[in-house]
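*Asks:* Mind having a look at this structure? Questions to follow.
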Amino acid sequence: MKKRLTTSTCSSSPSSSVSSSTTTSSPIQSEAPRPKRAKRAKKSSPSGDKSHNPTSPASTRRSSIYRGVTRHRWTGRFEAHLWDKSSWNSIQNKKGKQVYLGAYDSEEAAAHTYDLAALKYWGPDTILNFPAETYTKELEEMQRVTKEEYLASLRRQSSGFSRGVSKYRGVARHHHNGRWEARIGRVFGNKYLYLGTYNTQEEAAAAYDMAAIEYRGANAVTNFDISNYIDRLKKKGVFPFPVNQANHQEGILVEAKQEVETREAKEEPREEVKQQYVEEPPQEEEEKEEEKAEQQEAEIVGYSEEAAVVNCCIDSSTIMEMDRCGDNNELAWNFCMMDTGFSPFLTDQNLANENPIEYPELFNELAFEDNIDFMFDDGKHECLNLENLDCCVVGRESPPSSSSPLSCLSTDSASSTTTTTTSVSCNYLV
């Protein structure tokens, strides 16, 4: 720029020839580097044409001979990639993105992984590394799941997967005890469901498969063939495949019959025990009745013996006949004066003078029957029974010389050793 300014100053001079020479020389200097730029463009264009042609010698520079496989320059592993044209790359704002399929130790394993992913994306008509007939079994399995689930299963089989994670789906090594644990995600709104720990990866993978079929149906992604779990699922009451209504009803009837038979087999011994238990009570009741009858007979015999003993005592020693005394000072019923309540009446000054006192005057000239009823009014309602028997009265005729119809018996006890109570009974003879 400084040179151009100097040239402009020089052009102001009256000589016009000098200015014309400077203007003609500047474009010549600026056009000198242009051929170099053209050479760079020519070098880049043929290299781009060669990259599109797989048969060109430039293709020999690729890290792998298989389609979709490249070798990592640092790790040395072979990585499988897939270009998904149908997806939209939001980062670069363009259509299509690269899908990572995992890193493998062998080049052939990475090539097989690419073929499986290509079959899932574009079908059997796409270009593969190996013939499509080698993937007949995998074609059936991949049709049950989505693209994302199948790609995740392919990545798990790669050797470059995170350490501690098994090659089987839903299986990982426990960080404490080193055993293999199984988990399944997105069950009942939870992040994952813990299925337990196992000694081998295969056992944990089978546990995951069972849970996946139970919660996600027959179309769930499993580590092994679903036919290996049909018997186990039936025992749990899980039927992964659709069943006809007729066959389903027959199966229900068969299961119901089996349940009834098992219940009957369990209830038969119980019924026998119940019958034995029911047969035993009548024998016990008969024995109890016999014992009661024997007790009653023994009580009756005891009562009869007690009555005989009482009668013998009364007839022999306990009967005391109260005869009338010739003394006018005593009455025939003076046994009543034995009570302490009548002791004041027995002490009289006339007794010292030997003057007889007529005691009936003390009772206001009342008859004997009225007085005796008044005295024994409280005890007249008590009945004598065999249990409370203290005294038994034996009536006998009064002697002809006595004018009073009363005969009284008194005893202190039914036996000389058992009781000490006093009881009185009177018998009127008309």
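Keep in mind that glycine also has a Cβ here, set from the backbone N, Cα and C atoms.
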*Asks:* Between Ser86, Ser166, Ser227, Ser425, which does Swiss-Prot record as phosphoserine?
*Replies:* Ser166
*Asks:* Annotation phosphothreonine per Swiss-Prot: which of the candidates Thr70, Thr200, Thr222, Thr318 has it?
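*Replies:* Comparing Thr70, Thr200, Thr222, Thr318 with the record, Swiss-Prot tags Thr70 as phosphothreonine.
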*Asks:* The DNA-binding region (167-225): mean pLDDT?
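*Replies:* The average pLDDT of the model in the DNA-binding region (167-225) works out to 85.
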*Asks:* Go ahead and report the DSSP secondary structure tallies for the DNA-binding region (65-131): helix first, then strand, then coil.
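*Replies:* Summed over the DNA-binding region (65-131), the classes give 16 helix, 26 strand, 25 coil.
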